[in-house]
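Per TrEMBL, the features are as follows:
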- 1-22: signal peptide (SIGNAL)
- CYS158-CYS195: disulfide bond (DISULFID)
- ASP184, ASN225, LEU389, TYR411: cyanocob(III)alamin binding site (BINDING)
Amino acid sequence: MDLKHMIGLFVLVLFDIDSVKGLSGTANEAIAKGRKWLMDQRNADWGWGTRSEAEAILALQLADGGWFDNSDPNVAVSVKQLNLDLLAALSSDSTLDKEEWYGGKLGQYICALVATCQNPQDFYGHDLVAIMEKHMNGFPRHYFNHNFAYAWGVLALCAAGVAVDDRFVQKMANDAGNYTFGIDEAAMSVIALSCVRNQADVTSAMDLGVKYILNKKKNDGSFGNEYTTSLALQAFDAVSHPDLTGLKKNAISVLLKAMGEDGSFQSISAATHVMPVLANKTYADIRVICRKGTSAPMSTTTPGQPISFTITLQSTRLSPGTTRRFTVTTNSGTSLYDAMRELEAGEVGFSFTSRQTSWGVSITSLMGVASSSKERIYWQILQSPSSPLTTTADKFHPNDGDGIIFRLVTYEGTLVG
């Protein structure tokens with residue numbers, strides 16, 4: 001039986017959708033409540049716990065494409081915690097060849113970096129895409145031997161904007177219909193395949209995944225708990241089949257009934273999967289978020305108007321002293337990178353080096369003091385007083401009176417002594 005006829009049979013046994021009044025408005029209200037609840041669950045470090053940062057940030061950004069704002073300190077501190085979590089792991093093992101990074105976690109973190117407009121191919125000198133590809137080439141192995149994790153790998157590579165190896169895509173297509181971990185694995189496979197459907201013909205494989213999920217539908221319209229039902233609905237969104245709309249509305253109504261008055265669910269993990277669904281988003285949408293212009297705040301001054309801001313360098317390796325401060329006068333709308341070039345061309349003794357990456361300009365040294373992946377140190381950029389920039393210097397446009405700080409720190413965030 002083809003997918004269209006199968007969906008038709010399920011539509012005949014749906015309960016009355018009209019009983020779910022104002023579903024769209026209710027979903028928007030639920031997103032707002034869920035976003036607040038999820039932000040309130042952060043710990044003292046402004047994160048959600050070791051290796052939990054990525055899922056939470058993905059949910060917040062997919063549910064509200066404007067959540068990531070690098071000028072908002074309340075957001076920036078959580079993105080910083082995401083980065084520190086990953087940098088701490090890289091400082092221990094630069095290959096991330098550990099069990100905790102194989103079950104889909106590395107894929108999730110790469111996706112979270114993409115969602116916050118960061119470059120996973122140049123993450124403070126580490127090429128996470130190359131590491132992910134190496135993990136994929138080693139499949140299967142102990143603790144990395146199922147397609148749920150494999151799908152996160154394919155999804156991460158696709159989100160990062162690289163051409164996904166045909167072998168990875170073909171493996172997922174060949175395995176369609178055989179799901180060791182049930183609906184969760186089937187749904188993630190469909191979502192990952194949807195991301196690469198312009199690269200290969202994977203329609204049949206995606207249909208097999210959806211058929212499997214449909215056969216597991218519960219009498220109440222759900223597909224299991226909130227976690228599993230949300231993944232199933234993301235798979236439905238991924239195939240974009242209009243006849244699935246009714247099934248989705250019924251399942252969403254079940255999710256909304258399970259939501260607490262304060263926007264809570266049974267766990268943070270459940271909430272992180274539900275919120276994208278309420279916004280009609282899937283994990284495959286990660287790759288387009290930053291293309292819609294969320295990477296940097298716009299200047300608030302009139303274009304062409306002269307502005308002044310300061311650049312402060314902090315490191316004990318600077319000579320003389322540990323702090324150097326420069327005043328920059330330029331035109332509004334000028335990027336930080338171009339302003340630095342203007343400053344270097346002057347007679348104030350300022351110098352820096354940089355390199356172009358696929359995501360923007362990376363600052364590699366200041367006043368002769370260089371970042372070093374061997375020493376695990378880099379020049380962190382902050383907007384005074386303490387908000388880390390989460391975009392590159394060529395994409396950030398300072399405003400009049402801003403204070404920009406370059407601080408030489410370890411991957412763990414400690415000032416280099």
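In case you wondered, yes, glycine gets a Cβ from its N, Cα and C as well.
Bear in mind that TrEMBL entries carry predicted annotations, made automatically and left uncurated.
If you measure from the Cα atom of ASN225 (cyanocob(III)alamin binding site) to that of CYS195 (disulfide bond), you get 25 Å.
In the three-state DSSP classification, TYR411 (cyanocob(III)alamin binding site) falls within coil.
With ASP184, ASN225, LEU389, TYR411 listed as the residues that bind cyanocob(III)alamin, the site has a largest C-alpha separation of 38 Å. Other Cβ atoms within 10 Å of the Cβ of TYR411 (cyanocob(III)alamin binding site) number 23 in total over all chains. ASP184 (cyanocob(III)alamin binding site) is surrounded by 22 other CB atoms, counting those within 10 A of its CB over all protein chains shown.
For CYS195 (disulfide bond), the spatially nearest entry among the binding-site residues ASP184, LEU389, TYR411 is ASP184, judged by CA separation. Fewest other C-beta atoms within 10 angstroms, among the recorded positions CYS158, CYS195, LEU389, are seen around LEU389. LEU389 (cyanocob(III)alamin binding site) sits 25 Å from CYS158 (disulfide bond), counting Cα to Cα. In the three-state DSSP assignment, the secondary structure recorded for LEU389 (cyanocob(III)alamin binding site) is coil. In the three-state DSSP classification, ASN225 (cyanocob(III)alamin binding site) falls within coil.
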